[in-house]
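Colleague: Before we start, here is the structure in question, set down as structure tokens.
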Amino acid sequence: MFQTLYSYFWWERLWLPANLTWADLEDQDGRVYAKASDLYITLPLAFLFLVIRHLFETYVATPLAGLLNVKEKIRLKATPNAVLEKFYAATTKHPKQADVEMLSKKSGCTVRQVERWFRRRRNQDRPSLLKKFREASWRFTFYLIAFIAGMAVIVDKPWFYDLREVWKGYPIQSMLPSQYWYYMIELSFYWSLLFSIASDVKRKDFKEQIIHHVATIILISFSWFANYIRAGTLIMALHDSSDYLLESAKMFNYAGWRNTCNNIFIVFAAVFIVTRLVILPFWIMHCTVVYPLDLYPAFFGYYFFNFMMVVLQSLHIFWAYLIIRMAQKFITGKARGGLGMARGSQSHRVVEDERSDREETDNSEEEEEAVKNGPLSNGHPVLNNNHRKTD
């Protein structure tokens with residue numbers, strides 16, 4: 001049964017144009033072609049990336065955070081309460097009003113105390129500012145290096161300037177060592193992102209991120225199997241061109257460098273829209289959809305590859321919508337702090353990258369601390385004569 005499934009999976013008509021077989025892609029006369037077995041190395045490399053990431057975050061990102069004065073926000077811990085903790089873990093972190101009243105009776109706390117307990121408990125589970133900074137630093141470093149390496153791989157190739165060259169002689173196109181390592185490193189990195197996504201900072205687009213990672217892994221792997229390597233290198237370099245800008249903007253946001261963060265975000269938004277909404281669909285996808293048909297009839301691999309491209313493009317449109325929303329806040333003046341803090345008429349409110357996780361605020365906790373110790377400034381009480389009432 002396994003052998004039957006294996007033979008169906010590797011049936012030439014699924015992967016290659018008509019009249020071509022895997023024998024045509026065997027190494028000969030000094031020409032080397034991509035092989036499915038090459039990708040086995042990406043799994044151990046992915047775990048190696050996780051080790052390198054841990055070392056980077058510990059010995060590079062953490063000291064860098066200290067140099068940039070990345071400060072943790074002081075969070076008040078919820079008082080241990082078995083009844084509330086059980087409901088929090090088993091039912092929901094955001095109880096409705098009826099649940100709050102029920103829990104108030106069961107726990108012996110007032111409604112106000114139950115509400116405050118859940119706010120503090122949720123805040124305890126939120127990732128720390130240092131964790132966010134370390135993750136952004138790691139992704140920034142990889143994406144920047146990957147973009148530079150990707151450009152070095154493709155900038156001197158004829159298909160970088162003439163997209164018709166992507167399909168010249170396809171699929172009898174020899175693989176270059178630089179292409180091999182570019183593919184292996186990119187695919188290994190995305191495997192590592194997928195492996196660590198459960199422990200990383202969970203953002204509002206968590207599901208979309210999983211879809212993106214899976215679609216990217218499938219697309220990179222399939223393009224390797226079917227020898228779509230020239231198109232694949234162009235697509236990977238195009239994606240890396242804007243990602244490092246977003247991560248650097250996040251780093252400066254966490255460090256409190258608001259103007260720098262906002263300026264980088266504007267550059268990122270422009271690069272993202274140009275590369276993902278203009279170059280990718282109207283140049284690259286046009287190249288993968290139209291040009292191959294001049295050489296051979298459409299086959300399953302052709303449809304599958306372009307379907308995965310459409311999935312990625314749909315995610316780009318979704319993220320572009322969020323980015324444009326953020327840009328509108330800049331233009332209309334509703335986000336003076338951009339990715340950082342903007343002062344409202346009565347309180348501070350967080351205006352973040354639309355993809356980021358949203359933090360809660362708890363004014364009642366601030367009021368409580370103000371009564372006990374005076375208003376807090378960077379975690380230390382500041383004496384004044386303004387008094388506030390407690391609840």
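Note: Cβ is positioned from N, Cα and C throughout, glycine not excepted.
As annotated in TrEMBL:
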- 349-358: compositional bias 'Basic and acidic residues' (COMPBIAS)
- 359-369: compositional bias 'Acidic residues' (COMPBIAS)
- 67-128: domain 'Homeobox' (DOMAIN)
- 131-332: domain 'TLC' (DOMAIN)
- 339-391: region 'Disordered' (REGION)
- 39-56: transmembrane segment (TRANSMEM)
- 140-160: transmembrane segment (TRANSMEM)
- 210-229: transmembrane segment (TRANSMEM)
- 264-284: transmembrane segment (TRANSMEM)
- 304-324: transmembrane segment (TRANSMEM)
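I would like each feature placed in context: is it buried or exposed, what are its neighbours, and how far apart are things?
Modeller: Same-chain residues lying 6 or more positions outside the transmembrane segment (39-56) and placing a CB less than 8 Å from one of its CB atoms are 137-138, 141, 184-185, 187-189, 191-192, 195-196, 221, 224.
Residues 15-16, 25, 33-34, 36, 38-39, 170-171, 173, 175, 179, 183, 186-187, 190-191, 193-194, 197, 235-236, 288, 301, 304-305, 308-309, 311-312, 315 of the same chain, all 6+ positions outside the transmembrane segment (210-229), place their C-beta atoms under 8 angstroms from a C-beta of that stretch.
Long-range contacts of the transmembrane segment (264-284) within the same chain, counting only residues at least 6 positions beyond its ends with a Cβ under 8 Å from a Cβ of the stretch, are 163, 231, 234-235, 238-239, 241-242, 245-246, 248-249, 252, 309, 313, 316-317, 319-320, 323-324, 326-327, 330, 338-339, 353.
When Cβ-Cβ distances below 8 Å are used as the criterion, the transmembrane segment (304-324) is approached by residues 205, 208, 211-212, 215-216, 218-219, 222-223, 226, 228, 235, 268-269, 272-273, 276-277, 280-281, 284-285, 288-289, 354-355 of the same chain, each at least six residues removed from its ends.
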Colleague: Based on DSSP, tally up the residues of the domain 'Homeobox' (67-128) by helix, strand and coil.
Modeller: 36 helix, 0 strand, 26 coil
Colleague: Please give the average pLDDT for the domain 'TLC' (131-332) in this predicted model.
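Modeller: Across the residues of the domain 'TLC' (131-332) the model's pLDDT averages 90 on the 0 to 100 scale.
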